Amino acid sequence: AETEAGAGTAGGGRCADGAALRWCTTGALCASFLGLGMSIAVLGPTFPNLAANVGRNVSDMYYIFVGRSLGCLTGSMVGGVLFDCMNATLLLALSMLGTTAGLYVIPWCKDYLLLTILMSVIGGSMGILDTGGNVLALNTWGSEVGPHLQALHFSFAAGAFLAPIVAKMAVVGSVSEELAGAEKTNQSVLKSLPTASAASTTPAPKDHHDEDFLWSYIIIGSYILLISVFFVVLYSKGSSDRDKSKAAAQKGKLTKYHWPLVGLLFIFFLFYVGAEITYGSYLFTYAVVFAEMTESEAAALNSVFWGAFAVCRAVAIFGAAFLSPATMIVISLSCSTASSSALAFFAHYRASLWVGSAVYGASMATVFPSGIAWIEQYTVIEGKTASLFVVGAALGEMCIPAVVGHLQGRFHHIPVVMYTAFGTSIMTVLLFPVMYKLANASRKKDTKEVTDSETSKALLSNSRLTEDEEEDEDVRQWNDADFEVVEMNDKLKKSLTDTSHRIPGDSAAEVSLQPHLDDALGHPPVVAGGSPGRQNGNVDSEKSE
């Protein structure tokens with residue numbers, strides 16, 4: 001009893017340690033995605049500073065976006081392969097160290113080619129983190145991953161929201177210090193030259209605060225460095241070894257239609273992410289050109305879209321605990337179709353534009369994490385599979401906004417962005433039922449195969465039991481027959497012995513009858529506890545009588 005109690009205590013301690021380690025892993029992943037969002041979004045408010053730093057016009061800086069996107073695609077594909085053959089937490093720590101190094105070097109970069117390379121390195125590290133974070137969350141929580149994936153992607157949205165604030169704080173701090181220094185200079189000059197005017201003594205303001213954006217990159221890079229150290233600690237604890245072994249044990253769970261499902265979800269994410277980025281990027285321009293809003297109103301409309309997006313992702317953390325991923329996807333697709341329809345055909349009404357933008361942003365918030373959690377119910381998501389999802393999203397982010405920009409340049413009087421939102425919503429609404437039917441058909445087929453296998457095993461087991469019962473019955477019948485033969489032989493012996501005693505010269509008769517008796521008996525096997533030796537002993541004793 002004491003041994004069992006000790007074993008139970010040890011098992012409970014291991015379970016508690018495993019649960020704590022899983023929560024620590026989830027916290028580290030959320031913190032890393034917060035840094036990922038800040039790393040991506042900090043480029044916007046610091047874009048003019050980067051252009052001035054390398055001596056280029058803002059219009060000539062498009063290549064850094066291309067470099068970052070290509071790096072993200074490459075990192076996603078390479079990371080998908082690496083995550084299947086090395087420790088996940090270690091790889092995430094290394095990728096975050098690469099992001100930190102790039103963020104530290106960018107403020108001092110004076111060459112546009114070097115800046116593009118740095119952006120590609122950061123993009124590759126981000127692609128590895130984006131792929132590996134989803135895979136590690138799936139391996140850590142399994143079928144319970146829904147709320148944790150929602151928390152992961154909410155952290156990304158929160159990071160994108162915080163990045164401009166961090167950059168603005170750095171700029172405001174630098175500007176306040178500069179104004180204080182200028183005021184002191186003015187006062188000293190006025191004291192030394194009383195006749196000089198204030199305008200002649202005020203130093204000329206700088207066109208660009210070249211060093212203002214430095215601190216924003218340093219702050220974000222230091223934060224990511226801290227999270228990478230935490231991942232190294234998790235690696236020393238062996239956090240992903242158990243989860244990776246568990247995932248490897250589930251590789252037999254791959255459904256028959258695994259790759260068709262992955263391909264359809266790849267296209268699904270391409271349209272979804274492309275629509276999200278396109279609407280968020282062109283909404284300001286649409287509001288100014290087509291809705292004739294002021295710039296402040298257009299900025300407020302853009303903030304409503306992204307604000308609803310972030311709030312809905314926060315709410316989805318709790319909603320995923322009660323709703324299945326399929327239900328959340330259906331609700332999101334229904335809302336996006338309704339809102340995009342209103343935006344495409346009734347956007348000339350101000351109320352429709354404001355409400356439609358808010359609902360459209362909220363409906364787009366939960367699709368990506370819900371899609372990954374949904375397909376995990378039907379098949380195993382490995383590193384290569386997750387990398388395809390990230391690549392599909394990245395291609396949508398690159399291609400659809402570019403196509404919309406080209407078409408909008410050719411057709412100035414047509415709101416291409418609104419029709420694109422409506423068209424992509426229709427595509428996603430058509431794709432998901434196909435994926436759902438294919439996944440359930442695969443599950444039914446797998447269930448049928450398992451049922452047939454279990455039935456065959458049961459029939460084989462029953463047949464073996466029937467054969468064993470038949471053998472037992474045959475043995476029982478043979479034993480009964482042997483007992484009857486033994487009993488008959490005993491009677492025969494007794495009758496022959498009595499006859500031999502009544503015949504004169506019984507000894508000679510007994511000797512002559514004994515061989516025939518032995519031939520008649522034939523030494524039958526004695527099953528019920530007897531042995532031939534013992535039987536012969538009985539016969540010899542009868543002879544001696």
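Positions of Cβ are set from backbone N, Cα and C atoms, glycine also.
Annotated in TrEMBL:
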COMPBIAS  445-455  compositional bias 'Basic and acidic residues'
REGION    445-476  region 'Disordered'
REGION    497-545  region 'Disordered'
TRANSMEM  20-42  transmembrane segment
TRANSMEM  62-83  transmembrane segment
TRANSMEM  90-106  transmembrane segment
TRANSMEM  112-139  transmembrane segment
TRANSMEM  151-171  transmembrane segment
TRANSMEM  214-236  transmembrane segment
TRANSMEM  257-284  transmembrane segment
TRANSMEM  304-323  transmembrane segment
TRANSMEM  353-374  transmembrane segment
TRANSMEM  386-404  transmembrane segment
TRANSMEM  416-436  transmembrane segment
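Cβ atoms under 8 Å from those of the transmembrane segment (62-83) belong to residues 43, 50, 91, 95, 112, 115-117, 119-128, 130-132, 135, 382-388, 390-391, 394-395, 397-398 of the same chain, restricted to positions at least 6 beyond its ends.
Taking pairs at least six residues apart, the transmembrane segment (214-236) and the transmembrane segment (353-374) share fewer than three Cβ pairs below 8 Å and do not count as touching.
Away from its own ends, the transmembrane segment (386-404) comes close to residues 69, 72-73, 76-77, 79-81, 83, 127, 130-131, 134-135, 138, 262, 265-275, 277-278, 281-282, 368, 371-372, 416-417, 420, 424 of its chain (Cβ-Cβ under 8 Å, at least six residues beyond either end). Tertiary neighbourhood of the transmembrane segment (416-436): same-chain residues 261, 264-265, 267-268, 271-272, 274-275, 278-279, 282-283, 285-286, 326, 329-330, 333, 336-337, 340-341, 343-344, 347, 360, 367, 375, 400, 404, 407-408, selected by CB-CB distance under 8 Å and a gap of 6+ residues from either end.
Only residues 6 or more beyond the boundaries of the transmembrane segment (90-106), in the same chain, are considered here, and those with a CB under 8 A from a CB of the stretch are 32, 35, 39, 50, 75, 79, 82-83, 115, 118-119, 121-122, 124-126, 128-129, 132-133, 136, 217-218, 220-222, 224-225, 227-229, 231-232, 235.
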